[in-house]
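Trainee: Here it is, the structure, as structure tokens.
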């Protein structure tokens, strides 16, 4: 019987027979550097051929081809690279390689809604493109588009690459990835083509990336490039509350995530002199904020609006606050679309530890508690207690256990330590810092006149692993480029509210983070918590910090120090590690987290230079979540261990299988990688710990985060914390958390001096997802990986150093309010961060 010839429809409307030879040739042409032993071209062509339908368009065929390759990625990670190349070639067919023509399409865009000219790039960028078109064409290198894996490319396609209207509601991507990088470089540096080329080359080769808002908006008519905004509640009045809400709505429609403190809002039942009535308190008000966050998104389906609400635990509405995100209870007492953080004074932790009482206060009758920290706070709080100003007195542990219960069920509230954040801040001369941002890595001063802002970028650490060693010199060079770029963004940024511009130009903070720390360890064959990995962790962050300080000092020599430099710790020769040492001496804390510098860099002469000429930026280092941009560059997220070695990641752009490429390469080298091994790893939820045929060294190297002691993660956070002048987004991971485990972790983090004790608590579902690819009988035969025991997770945390805080029963909740935790979290393209991450 003759095989029916299938016809496909070309882009010009003509039809032609489907030709497997053409498809095969196209794949073969993209196989450079791909392992042809594991990537079976013939099988791929066969499967695609079976999926071809009569009349299918060639664009749909391109999509089928790329998706078919992508879903084979669990067989070998090179399938992901091949799929990315197939998708990129499809994009290149419909876009121009001419930089000038590409910018012309964006500049001449006409809105389908208004039929008016609606350019997607700025007039400045269009003028530069016309003036320097030949030079820009020489700078750009389209071959680098073929370095993206499919997951990374689809993330770009979904949200980052600029689109134009094609009628009937259709939006078409007209920007190539390389053109996006060039747009960003031009948006930051304008006509300084030397800096444009430098930035473009480093970004397009994956050494660093600017944060998502910068990639979205640089070079556009409204270049809002900032990731994070911190807002102060203006005042405790209807005018103050709604003015602040309006301010947040304006920021949210075009910007990143927002952190806001509510410490000064009077509690429920508090007297209102103007009406002779009583206040409804925080909870009803926060439901209004919740609805605003839902309503005011950031346009075009790119990102949801998101607010993180911070509250100190002495506030009389704290119990209702802790219930707002829970899954059960009265709807009028819930606001689940907001995020919640605690701004915790040391005194509260001391009262919990000593089984003491805790007095809840109303800021209307016990004012100024949020305006002070340290001993000044303790003195004022205890004075109010003696004066009987409290609303009610409870056992401190009663509140503590409600905090833990909320974290087990929802993953929040975040835990930030007010005294550490303030004492170790280079902005402490400005006043008391009252909150962090949506992702807990930004710690900046706010007031009714100042909205704190931060511009972010992340450095891709795997790019600095060369020939089995880490290249600190190259890391320093790239960090200085990033610092100069972020400083430039401050001046070229579009600010949604005037208070943000005022603050950012005065203090000029930036936030430099990292991605791919776990990848760098894997490339160097270092298990995550190995002593050499811990040493590398310290050296990486010391190098980043000294490079950033040095670059900021060089900028100050040229342009002058930031306006409020005088009186800052840096102006007195105190950098971040000096503040850590000073804090520990003042508090009489042990010195177990103090380490000498790595010896590579000359800190003494740099500090002398800082005192002499100043710094251009008040703050520099802030390791943030990097969910979106690490997806783009193909790295593990930020500072975290691998969450799983095989999993499916769900984002706005689709569901994608992800496999640990480093593990696969090791298993190939050992001749252990095959379908049977792949199925075993899937059956064990991405763990290799229970697979005895894998050598112990490899099993240790590829432990997933659930198998790593959280004490080690906290120790490493404290080690690098000496070189982090803002804070860090530190997630903690417990498969089945108990109150005892959580208490142990929180107190250990606090005593180690961390500013952010916990971003999200990640836990695992009570039952494994059904694995449809496995025979149930085969699953029974598989050994299970070792679960974290209490001792394994925490070691000697708190042992012999403090009185054990009382145990409560294990809370039997999955982390329903936090992202899916059977692997990395479900995201909308930005993980738990949603808006703020790099």
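Every residue gets a Cβ built from N, Cα and C, even glycine.
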Trainee: 437, 441, 626, 627, 628, 629 bind GDP according to Swiss-Prot; which of 227, 237, 252 goes with them?
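Mentor: The one candidate that Swiss-Prot places in that GDP site: 227.
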Trainee: Per Swiss-Prot, which of 721-779, 780-838 is region 'Disordered'?
Mentor: 780-838
Trainee: Measuring CA to CA, name the entry from the recorded positions 437, 439, 759 that ends up nearest residue 62 (ATP binding site).
Mentor: 439
Trainee: If you draw a 10 Å sphere around the Cβ of residue 437 (active site, proton acceptor), how many other Cβ atoms fall inside it, taking every protein chain shown into account?
Mentor: 34
Trainee: Given the recorded positions 10, 16, 18, 20, 22, 759, which lie within 10 A of residue 441 (active site, proton acceptor) by CA-CA distance?
Mentor: 759
Trainee: Which one of these recorded positions has the most other Cβ atoms within 10 Å of its own Cβ: 16, 20, 62, 441?
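Mentor: That would be 441, with the highest Cβ count within 10 Å.
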Trainee: Helix, strand or coil for residue 760 (site 'Important for electron transfer')? Use DSSP.
Mentor: coil
Trainee: Would you mind reading off the Cα separation of residue 759 (site 'Important for electron transfer') from residue 20 (ATP binding site), to the nearest angstrom?
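Mentor: Distance between the two Cα atoms comes out at 51 Å.
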Trainee: Do any residues at least six apart in sequence from residue 10 (ATP binding site), in the same chain, have a Cβ closer than 8 Å to its Cβ, and if so which, in order?
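Mentor: In sequence order, the residues whose Cβ lies under 8 Å from that of residue 10 (ATP binding site) (at least 6 apart) are 16, 57, 58.
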Trainee: So if I draw a 10 Å sphere around the Cβ of residue 760 (site 'Important for electron transfer'), how many other Cβ atoms end up inside it?
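Mentor: For residue 760 (site 'Important for electron transfer'), the 10 Å Cβ neighbour count is 28.
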Trainee: Any same-chain residues 6+ apart from residue 22 (ATP binding site) with CB under 8 Å of its CB? Would you list them in sequence order, or say none?
Mentor: none
